[in-house]
Every structure is written in structure tokens, then in C-alpha cells.
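Please read the structure below before turning to the comments.
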């Protein structure tokens, strides 16, 4: 991607209470409070990440994501494709204010091909403020604001057609 305004994620429609209810087996996946990476690992033999973009961006590049994060001079952006048995299962976009990266959290800028969940869920001081559910046509998405040692980051995930979210019943 040459233009920093581009994203691997298409525009998503975030659901409200006025939208039809989410099917139970889909909602079970979307409201997962633990590591999505671990959950995916129950449905394949091999998970790997294809990093698409890792760089610092300014607040004006955040668009509507800015409403979910505090003001910062810059933000770490990481966009990846999560693969299960070499099939694309999920597009992930993580936005982290620079202040969240201080101290022990600076490892977040060096994850490379390590899934975000492997890092986040190995830390005792991880909390989740909320999960929003969204869609892009027939694909489901979720957005979570997480906190590491009280400092926020925003994670948006789009579940691709090959994802087990569409083919399995709840575990």
C-alpha cells in the first residue's frame, strides 16, 4: 500500500440496538473475551500472521477511530492477515497511542509475525472496555478497546469468509 490513508479493512457498518439480532453462533465468536488466536487454534493445525503494514501514523489518519482513543502525537498502526492452515481467516487492524507503548508495552512495535493475542493474553494487566459488532456485506467484524496496564489500544477484526466463525457451532 503506497497511500498511508489506505487500510486493509474496508469501511465497516457498526451495529446498533435497532439492527436485527446477531445469530447466536456468530455472537458467541464475536463476543469472545479471551484470545481469538487461541480460539482459532482449536480449528486448525497452524496459525500464522502476514503483516501488511506496521508504522506510526498521525491522528488525522484515524478517521472515526479517533473517537475511541485519547489524543496523541502519533499512533502505532499494525495491519495483518491472520491465516489458519494457509487460508485467510481474519483482517486485523491495531491502533496504539504512543503513550501506551511506554515501558513494557514497547514490544508491541516489534511483534512482526507474532499474533497480537499471543502477546496481549500473556500479560496480567489486560482489560477490555467494550466490544462493538459490525459488518461488511455478509462478513462480520468486531472492534475492541483494550487496556494494557490501564493504557488503551484499539483492535478491529474482520472475519473473512474462510473463517471458522461461519462454519462451526459454538465450542
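Using the three backbone atoms N, Cα and C, a Cβ is placed for every residue, glycine included.
Taken from Swiss-Prot, the feature substrate binding site covers 36, 78, 116, 157.
Swiss-Prot feature annotations superimposed on the structure.
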{"residue": "36", "record": "substrate binding site", "Cβ within 10 Å": "26"}
{"residue": "78", "record": "substrate binding site", "Cβ within 10 Å": "22"}
{"residue": "116", "record": "substrate binding site", "Cβ within 10 Å": "22"}
{"residue": "157", "record": "substrate binding site", "Cβ within 10 Å": "26"}
Query raised in the report: Can you list, in sequence order, the residues of the same chain other than 36, 78, 116, 157 whose CB lies within 8 Å of the CB centroid of the substrate site?
Result: 37, 80, 82, 90, 92, 93, 94, 115, 117, 155
**Report entry** Coarse DSSP state, helix versus strand versus coil, of residue 116 (substrate binding site)
**Finding:** helix
Requested in this report: Consider each pair of residues in 36, 78, 116, 157, all listed by the record as binding substrate, and report the largest Cα separation in Å as a whole number.
Outcome: 17
